[in-house]
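The block underneath contains the structure these notes are about, expressed in structure tokens.
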Amino acid sequence: MKKIANFANKKVLVLGLAKSGESAARLLDKLGAIVTVNDGKPFEENPAAQSLLEEGIKVVTGGHPLELLDEDFELMVKNPGIPYDNAMVVRALEKKIPVITEVELAYLISEAPIIGITGSNGKTTTTTMIAQVLTAGGQNGLLSGNIGFPASQVAQTASSKDMLVMELSSFQLMGIEDFHPQIAVITNLMPTHLDYHGSVEEYAAAKWNIQKNMTADDYLVLNFNQDWAKEMASQTQATVVPFSTTEKVDGAYLEGDVLTFRGEAIMQVAEIGVPGSHNVENALATIAVAKLRGIDNQTIKEVLSAFGGVKHRLQYVGQVNEVAFYNDSKSTNILATQKALSGFDNSKVILIAGGLDRGNEFDELVPDLKGLKKMVILGQSAARVKRAADQAGVSYLDATDVRDAAHKAFAQAEPGDIVLLSPANASWDMYSNFEVRGDEFLAAFEELKG
């Protein structure tokens, strides 16, 4: 049995709040640590800090004073969104203070085995699929991590009979030391978050960290559609179980239109409850994990057939006058939009795209845009997206925001058409996160529905 860490009387600095920091602070306080929370937001605008102070936890807000680190902390638990070149983090590391993220903390305090899922795209859907299949098969799959349920919060009540099914971002994985999943999944890798990581190599290294402490008794599920996965398969101590839509592998693969695991037919592609080639990959990864956990084929098929998707991830919203609306606000990069478009007939799609300008062009998207009925373009990156539309020969309209875009797209639509929000860009030029952007699209749908 794993030894549970002892935090009693340990001086810990929690850097950054949001959901994970707040959860970590409460957990550490409950475990007897001497906790200080530091957050950049002013106290009067910081409900989380106010709540923690009322509970007797020390808070320092409105900035990150370096002198705070003179208090001889034994550990820093860093919000994953705070980069490692932050002055507080740099100083802590110089002072030899261990810096971890909240998922490492969750691992240290729980006996529950962990299934960790990471990747550039598809990780939320795959995480949700896995948790649902495990639970339906009699194993309690507890969703946690980057999916919106702080891992440390879920880990507090999890027993050794549960399975912590964690969605893990590259930001979280950079801060692991002892974190050890029983099964890990890397859905795919593509260049993203380079403003945080600095280079493709650093980003890939952060993702690869998921297998850092795995052994031959553990399983690493990799996407063999991508060459990097084949190349890296020999660089891990874990037992690799591949999945692929393009070739037969010793794992999960497509046999014609049949999702198959090591020769066992599981289900037809057409039976998956959500559309798109990316969801075939997500389903194959889920099948690999489920079979490794001993779940029967009928249960896997039933869950994946009934799977309705995840909010903001190619979510079917409904119809207005026989025009279907899909909310793929989580599409923050080109690959995600390519995957979304692959599930539809372009001639019926009115695509809403654009968002934060990170300086990248959209040439790779041009082949996928060809044949679209229309585009509605918005955001900082509009000029770059328009260049791609011009190259693809697609006409477009401008929009001021997502609500405006949804209304304009619907005005162009005919019965049988599809209005698809799949921006291929992050949301931060106009919205605080992709959820807020997606919620505005959902609200616009309700307006149009009347």
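Here the Cβ of each residue, glycine as well, is placed from N, Cα and C on the backbone.
As recorded in Swiss-Prot, the features of this protein are as follows:
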- G119, S120, N121, G122, K123, T124, T125: ATP binding site (BINDING)
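Cβ environment of G122 (ATP binding site): T187, N188, H278, E281, N282, A285, K339 lie under 8 Å away, each six or more residues apart in the same chain. Within 8 Å of the centroid of the Cβ atoms of G119, S120, N121, G122, K123, T124, T125, where the record puts ATP, the same chain has further Cβ atoms from I117, T126, T187, N188, N282.
Applying an 8 A CB threshold to same-chain residues 6+ apart, the list for K123 (ATP binding site) reads I117, N146, E167, L168, V185, T187. For the recorded site, T124 (ATP binding site), the DSSP three-state label reads helix. Long-range neighbours of N121 (ATP binding site) (same chain, six or more residues apart, CB within less than 8 Å of its CB): T187, N188, M190, H278, N333, L335, A336, K339. It is T125 that, of the binding-site residues S120, T124, T125, has its Cβ surrounded by the most other Cβ atoms within 10 Å. Listed in sequence order, T126, V185, I186, T187, N188, L189, K207, N223 are the same-chain residues six or more apart from G119 (ATP binding site) with CB atoms under 8 A from its CB.
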